[in-house]
């Protein structure tokens, strides 16, 4: 890896980074995809591989795991390098290149950098009530969906009022579970169609406006103590498992130590219409990017990736030309792939 020079280094192997790797390959750019963890897929792989994703064009619905697999198949079509277990511990400018330090020792050079690292590492916002530690140790309190092949006809409770909790509840009723949805308010801050689906399902029990005041693991069930928000009345329910759906907090401590550190707002890097950050040659896409009017969707990230790639080329090789349509790119190698041949030669 040392002394190797790439056209583009993409930091982060979530959906945005994977699609950027594929598009860069279509443009025949020498590309490195760098991922700090042992697996590709980013937040999807870590947090919701079983979740059905509805906002990706061309799919009526696709699980997080299947989407990552499809993206991996795309990247296999092009010539590029992927480095796993490789945390970018420093990024600095050297002459006309960026030096990228990996795991505090190995390094290589890139003509441009695309940050696709999302919001960094994630940890769940945990429930803090009497008995919550014991419930988590017993496995009856979790913060991620279980394997959905094993949950049919189980009784679950999900707590929270945002997209995380509502999405969890929808996945569970879609797999024939009974779900009690606990929220301290009557209204939910989530996709309206998902809330409507829960309201129309006989498998959903709304426990609102209520809050959890205690947890008590029994032999096979978890007893949840609830308190009514308006009048303080206490109620108890028993479930097979409780899932915390308060979302996750992000940490970007390693990124914050880079020598070249673009301007940030909240957890994202401020980008312009070219997806360029405050530092020329460094771009950001997906959840790592923020700009006025942005929608934090996978679909948005997929659109940002080609913009960043094409503008990166314009940065380090302005004579090479601007945006390219897929029909004008070199597909000679791509169409050697059996899966592509079978689709287009039928």
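Note: Cβ is positioned from N, Cα and C throughout, glycine not excepted.
Feature annotation from Swiss-Prot assigns FAD binding site to 35, 43, 48, 88, 122, 287, 327. Of all the Cβ atoms in the protein chains shown, 19 others lie within 10 Å of the Cβ of residue 48 (FAD binding site). Reduced to three states, the DSSP call for residue 48 (FAD binding site) is coil.
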Excluding its own, the Cβ atoms lying within 10 Å of the Cβ of residue 88 (FAD binding site) add up to 23
Hey, what's the Cβ neighbour count for residue 35 (FAD binding site) at 10 Å? 25
